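Have a look at the structure below before the remarks.
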């Protein structure tokens, strides 16, 4: 007895709600941009500079007392939040303290950290400091820049590759789907104010990789089908192709989500934001593969002049494999 | 029947076997680590081993591979520092040291230029006013003659000094080419000195790298905190011996031109006014050892090289009865009075040291002074407990994720799922083998990368299996369907994986820190998963087909 996620033969019309789905995607992208503009991103110290101190204690965390203890030190804006995680033991209480970048200092001085630790020990003698991280404003500005550059360069690289392997319409569709996925993920981070740091950028880049993977598999099949069904309208051909590959699309999304769910639940709080970004990206990436990338290709149309209408680079591969 | 040539079969199995062999040490991490540490310690000691070391060595056979995946700081705990070297400091001391030479060069020209006077100037620039501006040309020529030709490839035909005239003032500074060369040298020296200091403490596998133009990245696993690390490498340990002008208790005293007002290290409220230009510096030291002085207090013995010994000997001979200051990092450690001519070039530094302090000072002096100060741009301390928690959580999540994927594959593809799972297991072994052999560092995002590649590695097999299903539906026989399935899926597998590798390369190229660690595991994972999906699964299925010869198959 096999588990069949998708019936053997499906004939879903993916363009039936073409304008609704495409419109919804557009609205979601605009909303994401708005959310980033209005709420802003909750940048971690990687991008904003400053210091985070992770505290751990056998006693319950009293955020108010921590705050009072640190008030006398004159550190400016201090954020204290308790961290909850199912992987923690019953008497494991963790808090994150974030201190803004101090004027005139690239990184926080050991004396300041020492003073904070002493102040907190007075409140809770059992407290320990498993990690202290400090990033100066100079580096954080560069990190923002290099992160933006990484996402842009990743998209550009994918664009060029898809363009060379397929046709420019496919490249436009693929990159539009990528931008859609990345913006929606960033939007979610803005709405829920989840900490946005360097590892999230790595997650965004992986979403790029995953989403393009998904899209390219369908385009690959479409390229194969184009000469086979010369008379079929592009719209029907795309539906046929998508239905043919649907089983694989769902299978891969599910296996990846299964692996990620395990990380989300058991991987600890340090990784949670990262895993959340990936899971969201996989779901959105699957949606955009089915409803965004192809819509754009359909709107742009594909040149179906002859049986060998693939770009030269593409033909070479296709011939070698058929 | 799927035909795979024998040499290809052997090669594929050999690669898998090697992968498992090289991944194996990671299963026994602490054991192999103990073995490696002991082997390194014995080699360092010149082949003599203590019983504990021999025992540790015996924990892992020598003939097995012993490369391990390096654990990143977030998994092992340790300190991470990013420092910016103030390369400009070096210009200042170089130019400052030019003054006596410039004065001496202009002295024979007194008839043309008249008296010369040093004028206040920003660091890195020497301004000398001459009394008679008509002699400016001669003065410039004389000072320019002090310049040395550059020996770098790009600096052919240039000299190290830039001498210009501004009214009645000769302005001396380093030429741009020399500055570039100096910057490079400063960073190289700093790297070398930091490496020596960290090595003296004897921690395992520190990372000390140059980053960009003037930055140094230092990662030391297992050290208590970034503050400890900073104390060790952040001390410039700049030692100089300067003539003492005066001693005062007034912190606001005006030291006068080209003198410095420095606090005494062990007498609070006491200050010394010393001459800015030192007699000898720590660069002339050849050795420093912790010792005890005649009163049995901790001290540091030192020895100068011949040039330093001569300068020190001449100075002490000419200044008997005068005090001179031993200055370490802008503090006067002590200011003894010169009792007699000290010709041998060795001496002792006494101060209010503890035994630890004198030992540390000796280490710092021996390793050499940092050529320039460093400012800290980034520092991170991760406690070993948090690292262990992360490893535990990461491995638990990986195992559970893997078991879930395995069951899911079997539920969907039955026997074919089992074969794909064997390939998946080999894939993970290969990832660890490659990471170990290239000495890559595994970080927490890296573990996530491996878990993600597990999900994505299955993708290639899913593509193949779905294709096989289609071919079976069209009525093809088992081996033909499988063969066509593999062939047709290949183009999609190649395309999708190349884009994934592309993003990994871009992440590695542009990213830093956690992004890089993730990119490495993702890139390797995609490569190995392509190999296992296309070659290993195919070989397993071909072998099974040849063995069973099924009439029909259900995928």
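Placed from the backbone N, Cα and C atoms, the Cβ positions cover glycine too.
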Note = Among A:225-245, A:246-266, TrEMBL lists transmembrane segment at A:246-266
Query = Taking A:143-164, A:297-318 as the choices, which stretch does TrEMBL tie to transmembrane segment?
reply = A:143-164
Note = Here TrEMBL annotates transmembrane segment, and of A:110-131, A:198-219 the range meant is A:198-219
Ask   = Any contact between the transmembrane segment (A:143-164) and the transmembrane segment (A:198-219), i.e. 3 or more CB pairs below 8 Å with pairs at least 6 residues apart?
value = yes
